[in-house]
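Below: one structure, written as structure tokens.
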Amino acid sequence: MTNFEQYFDYVKISLASPEKIRQWGERSLPNGQIVGEITKPETINYRTLKPEMDGLFCEKIFGPVKDWECHCGKYKRFRYKGIVCERCGVEVTESRVRRHRMAYIELASPVTHVWYLKGSTSYIALALDLKVKEVEKIVYFHSYVVTQSSEETNLKYKQLLEGYEWKSLEEEIYQNQDENNQIEVGIGAEAIQKLLKDLDLEYIAETLRLEATNPPKSFKTPSLKFNKKMKRLRLIENFIATGADPSWMVFTVIPVIPPDLRPMVQLDGGRFATADLNEFYRRIINRNNRLSRLKSILAPEIIIRNEKRMLQEAVDSLMDNGRRGRTVVGANNRPLKSLSDIIEGKQGRFRQNLLGKRVDYSGRSVIVVGPHLKLHQCGLPREMALELFQPFVIHRLILQGLVNNIKAAKKMIQKNESSIWNVLNEVIQGHPVLLNRAPTLHRLGIQAFEPILVEGRAIKLHPLVCPAFNADFDGDQMAVHVPLSLEAQAEARLLMLAPHNFLSPATGQPIIMPSQDMVLGCYYLTANNPSQQRGASQYFASLEDVVIAYEKKKVDLHAYIWARFDGVIDSDQVKFPIKIETHHDNSVTKFFDNHIIKEDAEHQRIVQYIRTTPGRIIFNKIIQESLVA
């Protein structure tokens, strides 16, 4: 089997020269024949259902449809590897080469690339220092442009002329044979290509640099004209740095992507379904062949120009359907998908297939609230956990001697034996998992949690981490990922664990805050409720005694009681008692609004009582324990 593995350091995207495009598609067969150019618009033969030669699915250019079998069937099997059939000219090799072998279409007339003409910045217009509308007029055969000027005439270089203007000037200018050699006027992509070829990049860059050092002083902000010059300077410098020629923005050769990336498949009823790109390529080849034929029979100029314009529009549709002119539609008036549509957007090749790849050791399920969980925990369904941690479970089963090999371990897992769950519980201890909710708009969109096995099929999530994920429980789904290596697990535990991410990276404010029933519970514990009087005004020797009395239903949660408290009271009323009582042993009792202090004759505190409720004592105890922890 051929090894297609290649190592590379980086990927560079740049303009491709016509020679480079030919190089992509051209191949030399073992018999010395060079193939690669597509000349026919046919796809497959309706009788034999085999690809047509020199067509869009040609086996000679792209390789055989069946492994190790030529087009005519003379050579079959692996033993004929590398042989080129003398009857059909197909090389005997694997069919998977049709996934990467390209071809090309040699155009009878140059056409501009619609991305560089009608993009957000028209690079062709910027490079030529023309307006976008002016370039469009030239490309689509509405106006002529002077590609070479002469001192004897009033025509300037890159000046646009309407058709009737050029007709009236043509006879006058070309009367003299000498002037005929000096002035040139062009139309269409050929004229644009000539103008781009004639650009002296070094000279233009030097001129623009001089202008950049002397910006206009009349305005505080740079003018639009100055900004355009700076944009042009950046573009010219990029051309110089990359070694690209501006004329490469005009096609003379069109690349054709491999046939297995634009397949044609037979449906049940005998009909065929084909990729939209094949229709675009077919239109281009038909128009290109017609243009070549018209040129060869010396057809009138107006007919040739019309055909060139149609070829330009066909190539525009292939690159970006609907960017300019009428959108090409297929059956049911559905716009056909062009190369741009395949690449761009959420469903495009980059976001869907390259950035959005499915990964191993991951799962997805609906989230439900788990109020019983700790902040660093999440509830993971047992089925999902067993599937995600299967390699770890198998390893542990073999280590414990419950099975001898992987096959036996997998059978044991399939049978759902009870010992599996004990092993799974051991495996997930201290092994964090990553939870992610799309869209991941900031770094808190993916956090680590310690999994707890739960019944059912829903992931349980702590309610306090919902603001960070922007999650709610109305059907939201979350993805689970298992960090495999020890480094990944350590990183997840140290950096990504939910309790370590309580500040918002955007504002620096806490993003984990008590909410909903927690706030209600805190309010209820600390609220005043005069109607609850059971055990009110009783004295207790310690705060713990109050909690015990409440648990035994001796006092109500909101009843005001007096409890001994040896800590420091931070209050403005400490200096101003309501009443002072002096006892026979010169000891003093000071009465305040919410506490009582008894002092001896030397003003040393003997005992202190505070007026509070069992609810507030419970609330204070919880806060104190969490701060100490």
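Yeah, the Cβs are placed from backbone N, Cα and C, and that goes for glycine too.
What Swiss-Prot says about this protein:
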BINDING   Cys70, Cys72, Cys85, Cys88  Zn(2+) binding site
BINDING   Asp472, Asp474, Asp476  Mg(2+) binding site
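Cys70 (Zn(2+) binding site) has Asp476 as its nearest neighbour among the binding-site residues Asp472, Asp474, Asp476, going by CA to CA distance. The binding-site residues considered are Cys70, Cys85, Cys88; of these, Cys88 has the fewest other C-beta atoms within 10 angstroms of its C-beta. Other than Cys70, Cys72, Cys85, Cys88, the residues of this chain whose Cβ falls within 8 Å of the Cβ centroid of the Zn(2+) site are, in sequence order, His71, Gly73, Lys74, Tyr75, Arg87, Gly89, Val90.
Cβ neighbour density within 10 Å is lowest for Asp474 among the binding-site residues Asp474, Asp476. Every protein chain considered, the tally of other Cβ atoms within 10 Å of the Cβ of Asp472 (Mg(2+) binding site) stands at 11. Sequence-distant neighbours of Cys72 (Zn(2+) binding site) (same chain, 6+ apart, CB under 8 A from its CB) are Cys85, Arg87, Cys88, Val90. Neighbours of the Mg(2+) site: apart from Asp472, Asp474, Asp476, residues of the same chain with C-beta atoms within 8 angstroms of the site's C-beta centroid are Ile367, Ala471, Phe473, Gly475.
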